[in-house]
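Peer 1: Can you keep this structure in mind? I'll have questions shortly.
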Amino acid sequence: MVSVNLPWELVEEILYRVPPQSLARFRTVCKQWNSLFDDNKFVNDHLVRSRPQFMFRTDSKMYSVAVNFSGPWIEVHELTLDIPGLNCEMPIWLYNYVDCDGLLFCTSYKFKGVLIWNPWLKQTRLFASNHHYPTKYVIGYDNKKRYKVLDYEFEPSSKLTIYEIGLYSKKVKDLESDSSWSVVQSNSVSLNGTLYWAGVDVNNGIFIRSFSFSTERLTTFCRLPLKYNEDNILALAVFRKDRFSLLKLCNKTSKIKIWLTKNSINNREIGLVEDVVWIKLMTVLIPDFPKLPFRWYNRPDLTYFLDNDDAKRLVICCYDETQQVYIYIVRRNIVKKIKIDLFEDLLDQSSPHLRTYIPSLVRPTQVKEDNNKLYVL
């Protein structure tokens with residue numbers, strides 16, 4: 001049989017669509033394939049094309065849930081955190097965790113520092129510190145790709161504190177938040193290192209607020225295409241790594257509306273932005289959709305994504321009133337409901353433990369350090 005060499009551009013296009021856990025096994029095929037893991041362009045392009053998954057933890061374990069639309073059906077994987085030389089348990093390190101560009105940043109109530117973890121590449125990096133990281137925090141990075149932690153409360157006149165990961169004991173700066181900002185109404189998302197939230201100002205307007213780690217400024221990014229209603233639940237998501245989508249759930253009617261920004265989002269340092277155009281993508285009514293409790297801060301009860309290849313396919317993961325986890329796949333007027341069967345009870349829902357996660361080839365070793373108080377595991 002005569003071997004056929006495909007054009008390298010076609011090989012890359014195929015590999016873009018292969019999940020990270022499978023790509024990791026292909027590193028031994030040839031040097032050229034192995035070099036892709038060090039190619040920033042390939043890593044970034046793969047992240048754009050990677051299909052989001054759901055992640056959640058129980059009292060003792062952590063799981064990822066991949067959705068396959070051909071059935072549809074789901075794959076549930078238990079994620080293990082095995083760190084040689086460090087006596088740790090999964091519940092301790094997953095006391096709180098956030099994600100940024102496919103990396104999980106985990107904090108422990110027993111260890112002072114932060115663990116950076118890519119569960120698909122099975123790579124971790126542990127940064128020691130002389131302080132515990134806050135319980136409410138989000139992760140982003142500045143224009144030099146230095147990862148930083150934002151400690152936030154987002155109440156009038158509350159302080160915003162920045163910590164730089166890789167510095168052993170440096171608290172960068174305390175910042176006063178804008179007192180006109182009333183309450184955070186959605187989860188936070190990170191886009192190109194900048195953080196975004198949906199929320200309400202004192203005049204009941206609905207906006208997206210942003211925080212830039214490059215300028216250390218908290219600003220109003222744009223107005224949202226809806227009115228404030230305390231019965232609504234909002235969720236913000238990144239679509240194809242360059243646009244925002246917004247989900248609004250009316251808890252009374254179970255009607256769900258989805259908007260999508262028309263154009264790519266740039267990290268613009270401006271005040272109120274009126275030129276962000278939102279397109280109403282769909283309105284759906286899911287029968288017997290659970291009634292979700294109201295929460296002021298990052299809602300752990302509902303998370304979602306839009307299919308990268310078909311923006312009008314909506315996938316939602318949420319709890320019902322009995323804390324059972326379900327996935328809803330919505331395309332036009334067809335709704336598929338899939339139960340996630342687990343043998344242990346979920347954590348108290350006050351814990352932020354249900355998330356959308358994008359598998360990536362980003363390695364923890366790409367996080368820079370400025371001191372020798374570092375463990376590479």
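Heads up, the Cβ atoms here are built off N, Cα and C, so glycines get one too.
Pasting the feature list from Swiss-Prot:
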type   : residues : note
DOMAIN : 1-46     : domain 'F-box'
Peer 1: Averaged over the whole of the domain 'F-box' (1-46), what is the pLDDT?
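Peer 2: Across the domain 'F-box' (1-46), the average pLDDT comes out at 72.
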Peer 1: What does DSSP give as the helix, strand and coil breakdown of the domain 'F-box' (1-46)?
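Peer 2: The counts are 33 helix, 0 strand, 13 coil.
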